[in-house]
Amino acid sequence: MKTIIVLSYFFCLALSQDYSESNNSTATLCLGHHAVPNGTIVKTITDDQIEVTNATELVQSSSTGKICNNPHRILDGRDCTLIDALLGDPHCDVFQDETWDLYVERSSAFSNCYPYDVPDYASLRSLVASSGTLEFITEGFTWTGVTQNGGSNACKRGPASGFFSRLNWLTKSGSTYPVLNVTMPNDDNFDKLYVWGVHHPSTNQEQTDLYVQASGRVTVSTRRSQQTIIPNIGSRPWVRGQSGRISIYWTIVKPGDVLVINSNGNLIAPRGYFKIRTGKSSIMRSDAPIDTCISECITPNGSIPNDKPFQNVNKITYGACPKYVKQSTLKLATGMRNVPEKKTRGLFVAIAGFIENGWEGMIDCWYGFRHQNSEGTGQAADLKSTQAAIDQINGKLNRVIEKTNEKFHQIEKEFSEVEGRIQDLENYVEDTKIDLWSYNAELLVALENQHTIDLTDSEMNKLFERTRRQLRENAEDMGSGCFKIYHKCDNACIESIRNGTYDHDIYRDEALNNRFQIKGVELKSGYKDWILWISFATSCFLLCVVLGGFIMWACQRGNIRCNICI
């Protein structure tokens, strides 16, 4: 019976600590941070899977599906390629003297004039596209002894045969085609683009019928360059009723230079020049519709917002656009490390601090206090720590955008079949650049995320240290982000701790007195198990001694007989 009494005493003593915490002479103050039930997973330098309370997506992965016509001037090419509009194909006359920021070529575009090729198609297309205008100035070339304004049934302008409006097809006059030698100086202060051509007849008969000579020659030169083209006579696949071809060439004449044209046949002469302007106009192949809206960034898929630093829509862009990366998602942490709140905390539902878990429900603040005292429980935010963290995180997204947004366009690059190896090299270089940028983007975001998490953890620790320095010996660090305050601390007292006006000297004597009284009977949780086990072992030992003594007493009285057989 004595053993049972002793065990009951120790058990009650072990539990007395829990109940003593609710004593009116003490209080508990816990520090915590914001938490959400379901956070967002982000990457850091040290961890690929870390949960935060909030994060912002940095990769734009979808377009509007339409091209916005503001603030950029968009010219819809409709049925005309840029080169057809440049040459003056009859069905492209509407584009004469047009200007643009972005010329949109459609997959439905077609040529509807004499079949031609441009040996340096990509360069001419890029040159005209970047110039941003089809402004054309007619000049008075003098072509003596030849017939001008040749036409073809393959190039109808209305019911009659026609030709490219910016070119002049010269043929024999009567039975002669004299040697032509024409000069045209550039007396202006800008570059001039002259477009000209050479006709390749399908047969020798066609050659002599048009130009008399069995073989023609065209030479176009300036002080800086010279091009000599000899026609290639021969049959080619029929296109719009023609097996002959025209090759289109171009020459840029600088201010103060002179254009010289020399030919004895097969010349497709220029009628004037195009003004070359330097700018950031461009061209893009796209079938996206053009709509009235505003967007700084345009891709072949349509316009996209540029409020993110990266995009995964298309590597061809125009305008101020996010940098293209391979990743479909990169999340920037804009909140702290998330530790979801535990819903059950044992029999007594004690409050807990940030080391155990976060607190849900702190919508307006990231850091705060919870307390338990004689007046009940409560919670309040710490605006100072919250604002300190937010100030450092705000602007992080804008800084990333400033570092990565391209203020120029990434144009399409085209090469002829002869330049296939250059095309392969260009593709390799572009792929390498994309790989490098994708890696840099992931590294940049991981670094920023690491900084954000370290920053928010640091602010939590600063708040804890600030509180600990205020309380000093009046409270004890419970090791879970909480303090046990050894004096009566009502709501006004708790508020003074939160706002930094707490005076520990006022409560020092009461706290020391209560600490000694409580410590006199308080058993630390670390010793409870030891005492219980020692009590149990002692009880068992005493029980065995009593049982052994009883057996020996009974044997002496003869009440118990023990026989040992060998």
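Cβ coordinates are placed from backbone N, Cα and C, and glycine is handled just like the others.
The disulfide entry in Swiss-Prot for Cys68 points, among Cys293, Cys297, Cys321, to Cys293. Candidates considered were Cys92, Cys113; Swiss-Prot assigns the disulfide partner of Cys80 as Cys92. Of the listed cysteines (Cys30, Cys113), only Cys113 is recorded by Swiss-Prot as the disulfide partner of Cys155. The cysteine that Swiss-Prot pairs with Cys297 in a disulfide, picked from Cys321, Cys365, is Cys321. Nearest neighbour of Asn181 (N-linked glycosylation site) by Cα distance, taken over the recorded positions Asn301, Asn499, Cys555: Asn301. Among the recorded positions listed (Asn54, Asn499, Cys555), Asn54 has its Cα nearest to the Cα of Asn301 (N-linked glycosylation site). By neighbour count, meaning other C-beta atoms within 10 Å, the densest spot among the glycosylation sites Asn54, Asn181, Asn499 is Asn54. Within the set of recorded positions (Asn38, Asn301, Cys555), the lowest number of other Cβ atoms found within 10 Å of a Cβ is recorded at Asn38. Take the Cα of Asn499 (N-linked glycosylation site) and measure to each of the recorded positions Asn38, Asn54, Cys555: the nearest one is Asn54.
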